[in-house]
Amino acid sequence: MINTGSIGATWISFACCLCFVITYSSRNVCCSLAANTGKEYTEQDRQYWIENAMAKVTEKVKYVNKRGVAKNIIMFLGDGMSLTTLTASRIYKGQMEKRSGENEYLSFEKFPFVGMSKTYCVDKQVADSACTATAYLTGVKANYETIGVSASVKLNDCPGSVAPGNRTQSIAEWSMAAGKAVGLVTTTRVTHASPAGVYAHTAHRDWESDADLAKAANLTDVTQCEDIAKQLITRSPGIDIKVILGGGRHKFFLNNTDKKGSRRDMDLVEFWKKDKAERFGNDKSEYVENREQLLNVDPSKTDYLLGLFESRHMKYHLKANASIQPTLAEMTRKAIEILKKEENGFFLFVEGGLIDSAHHETVARLALDETVEFSKAVQQAVDMTSEDDTLIVVTSDHSHTMTMAGYPVRGNDILSLSGSRGIDELPYTTLSYANGPAKTNDPQPNVNCARQDLSKVDTSKLSFAYPHLVTMPDYETHGGDDVMVFARGPWAHLFSGSYEQNLIPLTMGFAAGVGPAGRVVGGPAAFTSAGLGTAAVSSPLATLTGALLTVLVVRLVCS
């Protein structure tokens, strides 16, 4: 039998000896650092960069991986938020605050773990938001423009999409099965491709209302299918989603009313109100259409909230009336306030969807601003939750074709000219696109293959369309690059590395103990039952090793 008391004494003795060795061997280093505390280093000084890196190493060494149960999961999806978008947006953020911007951080870039996911569809090298939503919300890769169905279902195959064996289950359904509440927040229509991945099954992402579905009658037997909006309001799991906030009123109201909807069959908002009143009482649910109504919702008295703030997508932050349209951060805050009442926790999906819309128009300023707004929403969630019991995952569905090029000087306006010229002796912008739509103010008209002199163009205009190489008939396309994944909270370290996009929901489910991976051996349930609680506990060896490593690093970089 092992004598635990003896082991404890041994550890204490070892710790004392090791601390003595560390203290003695590093005394010169400590004194050296102390002597330098009086000087404030700048970027021109060698020591500035050394100490900057030392601080980060020390921070990483002290961090302890959390292995408890993720009571809550919040997934943030920056639609079209490519790596270049992240870089340019952090610079934009800093420059809006009168700094150079290059060394800024978006809120989620401070998360302790980062990975990369592969975004292709089963049938496409470059993905759309539908097949990717199926991957990162249900764990199954699918075909281009299909949602919530396996790759056995081809585009427009309505009969195939209703076959039970072809339908996928989302992490929202897994969470509900475990007694958790579910919420959905987006700046697009709530029936758009990304949010639809939470609750819908369809052979075409565009079948958002019954009117949309009717247009496909010559392609397939549409009588067997239901449109996306109807699935959200009348079918499981959509009917049990507790918070739904975004745009898209057009898909919910009848077309012959003052609401100017598109539906021919039924008023889905009235159905929602009646369903919630009959099931939970008149005072447990609320429908809102503007910022004031949203902010006045009392979370303590509201269990179900439906907010539709625009007829179609919500307006870009820089173009919206701030007194009428809520911000993504405000919608996120209200959703968490309502969902956090749940004893069993919650799953919340939050999409910054207009990053993608702006890129499609090659209006980089709007794309970067929407990314900064997205960052604010993530920070709101961080401020309202605990890293010990809430897993926050931030990622994108796919990339875009925007690039950042040239050799602009430090602090150069990220939205302006690069300071360099091409072989034609004309200047070019730091940001540009591989392809884009033809516009009347196209900075690169297809006339004798000649570029416009951008020194004579006002690039500060809100809707300035950035140059592109190939002109498209409608919009700029997506990019096929991998996208970043940032994670914070229980089991966040599992999101490190490079992996398929469909791994994301399985990993989130593992952390919360829900879904197919919820009972994998060695999961959070084992750690909780062992008495470790929701926060991981560091072993004495890990703590001492970390302290020793920190000292060794300090000695190395300062020698």
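Any Cβ shown, glycine's included, is placed from N, Cα and C.
TrEMBL annotations: computationally assigned, not manually curated.
According to TrEMBL, the active site, phosphoserine intermediate annotation covers Ser129.
A 10 Å cutoff on Cβ-Cβ distances gives Glu351 (Mg(2+) binding site) a total of 31 other Cβ atoms nearby, all chains included. The Mg(2+) binding site annotation in TrEMBL covers Asp79, His192, Ser194, Glu351.
What TrEMBL records for Asp79, Asp356, His360, Asp397, His398, His478 is Zn(2+) binding site. Neighbour list (His478 (Zn(2+) binding site), Cβ cut-off 8 Å, at least 6 residues apart, same chain): Gly80, Val126, Ala127, Asp128, His398, Ser399, His400, Thr401.
Taken from TrEMBL, the feature transmembrane segment covers 7-26.
Between the C-alpha atoms of His192 (Mg(2+) binding site) and Ser129 (active site, phosphoserine intermediate), the distance comes to 9 Å.
Neighbour counts of Cβ atoms within 10 Å were compared across the binding-site residues His192, His360, His398; the minimum falls on His360.
Of all Cβ atoms in the protein chains displayed, 30 besides its own lie within 10 Å of the Cβ of Asp397 (Zn(2+) binding site).
Those residues of the chain, other than Asp79, His192, Ser194, Glu351, with a C-beta within 8 angstroms of the mean position of the Mg(2+) site C-beta atoms are Leu77, Ser129, Ala133, Thr186, Thr187, Thr188, Ala193, Pro195, Gly352, Gly353, Asp356, Asp397. Sequence-distant contacts (6 or more apart, same chain, Cβ under 8 Å) of Asp79 (Mg(2+) binding site) comprise Ser129, Thr188, Ser194, Glu351, Gly352, Gly353, Leu354, Ile355, Asp356, Ser396, Asp397.
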